[in-house]
Amino acid sequence: MSESRLILALDVYERERALEIAECTAEYLWAIKINWPLIIGSGLKIITELKQVTGLPIIADVKLADIPNTNRLIARKVFEAGADYIIAHGFVGRDSVEAVMELGETIIVVEMSHPGAKEFIQPVTEGLIELANELESFGVIAPATRPERVEYIRSKLKPGIRVITPGVGAQGGKAEEVIRAGADYIIVGRSIYGSENPRESARRIFEEIEGVV
Ligand code: C5P
């Protein structure tokens, strides 16, 4: 089995449910992404527990968007809790992103996957790509719901900066299409954790990605 390019967005509140889903899908994942729902529901200690149960990297999607000092205060605690990557917004400016990058691997949001992203984020994507290139972040977040945008963002990014795309499944994006467009990793939440058989759903998406040549 080749290395997975699938990231599970584990957006549930309850610790037990999160650990159960993580454990049964881990075989098909590259990493687990946690967001505010799980942090609010189960506390930051869930990061350590997820790592113990799965051995996978943890991406903390806290979408930091504050002044450098506040970003630093939050990022420090999240990295200390065991997160391997933090997702931060770029629109707040270089200094705010740098404050996070000084503490650990950072993924910058350059465009979002929901319809409202067209209003304010898409018009500034160009500048956010430039920021990611200059800072050489681990990766960027791009929308799986718009493969043509993924292709464009990939073409403008320095090689080596990973393109990570949420929006597959529940939001309408197709895994195969977005991998062909140049995504390195895809993020899937509801289509896995909300399905009757999360393990089977993860396996199916893993195989869909693996089948793309
Ligand atoms: O359930 P679903 O597959 O739509 O989950 C997508 C995950 O990715 C959610 O955690 C969402 O907050 C996150 N996300 C997104 N679009 C972005 C950035 C993050 O959907 N641009």
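Each Cβ is built from the backbone N, Cα and C atoms, and glycine gets one as well.
Curation plays no part in TrEMBL annotations; they are all automatic predictions.
Taken verbatim from TrEMBL:
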- 5-205: domain 'Orotidine 5'-phosphate decarboxylase' (DOMAIN)
- Asp11, Lys33, 61-70, Ser113, 166-176, 189-190: substrate binding site (BINDING)
- Asp61: active site, for OMPdecase activity (ACT_SITE)
- Lys63: active site, proton donor (ACT_SITE)
- Lys63: active site, for OMPdecase activity (ACT_SITE)
- Asp66: active site, for OMPdecase activity (ACT_SITE)
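Filtering Ile67, Gly169, Gly173 by Cβ distance to ligand 1 (under 6 A) retains the following binding-site residues: Gly169. Across the binding-site residues listed here (Gly169, Gly173, Gly189), the residue whose Cβ sits among the most other Cβ atoms within 10 Å is Gly173. Averaged over the domain 'Orotidine 5'-phosphate decarboxylase' (5-205), the predicted model reaches a pLDDT of 97. Rounded to a whole value, the Cα-Cα separation of Ile67 (substrate binding site) and Asp61 (active site, for OMPdecase activity) is 17 Å.
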